[in-house]
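Participant: Checked TrEMBL, it gives:
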type     : residues     : note
BINDING  : Asp7, Asp141 : Mg(2+) 1 binding site
ACT_SITE : Asp7         : active site
ACT_SITE : Glu68        : active site
BINDING  : Glu68        : Mg(2+) 2 binding site
ACT_SITE : Asp141       : active site
COMPBIAS : 166-178      : compositional bias 'Low complexity'
REGION   : 166-204      : region 'Disordered'
COMPBIAS : 187-198      : compositional bias 'Low complexity'
Amino acid sequence: MRVLGVDPGLTRCGIGVVEGTAGRPLRMGGVGVVRTPADAEVPDRLVLVERGIEEWLEEHRPDVVAVERVFSQHNVRTVMGTAQASAVAMLCAARRGLPVALHTPSEVKAAVTGTGRADKAQVGAMVTRLLRLDAPPRPADAADALALAICHIWRAPAQDRLQQARLQQARHQQAGHQQIHRRQARAARAASARPTQRTPEDSR
């Protein structure tokens, strides 16, 4: 599996590509950051983010795109930019027919370091170790993007099993409802076909 991780941001959008499967050694396919000038208009900056992500998608041809799930922050302006960049990443993936996976920061930290409260230095150190790199990727946005990709590779099998279980449960429920409807329909047909008994009063 080849996963392109996106740590969304309007000023710096981290991009990281990781290949591998759960339980096997992972390999980094590439890492970088898409930057936009802070003094540019937001629409123009989003175009730059889109172009950057498209270049990565075209070059690395991932199987899935993993994007950090955006949560509300105290700085509304920051979270707005992050959400906008996240939407661009999802749009780029959807346009190519690629599945998109969203992971929360705590999920990523827990998957990579073992604790959902790890700081950026701890995440960077574990990414370096897991991918057998010479040094932590810089800036931290790049390391976070790789961590997103690693998180998805490790969590995907469990998520697939959960999804399959939900689908199977839904099928069983649907089959049960259909069986009930068939029984009700048969009972209704039997009732309508049964001759009506006439009482003496009906003959008068």
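Note that Cβ sites are derived from N, Cα and C of the backbone, with glycine treated the same way.
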Participant: I'd like to know which of the recorded positions Asp7, Glu68, Asp141 has the most other Cβ atoms within 10 Å of its Cβ.
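Facilitator: Counting every other Cβ within 10 Å of each candidate, the maximum falls on Asp7.
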Participant: Between Glu68 (active site) and Asp7 (Mg(2+) 1 binding site), how far is it from one CA atom to the other, in Å?
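Facilitator: The Cα atom of Glu68 (active site) is 6 Å away from the Cα atom of Asp7 (Mg(2+) 1 binding site).
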Participant: Tell me, by DSSP, whether Asp7 (Mg(2+) 1 binding site) is helix, strand or coil?
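Facilitator: Looking at the DSSP assignment, Asp7 (Mg(2+) 1 binding site) belongs to a strand.
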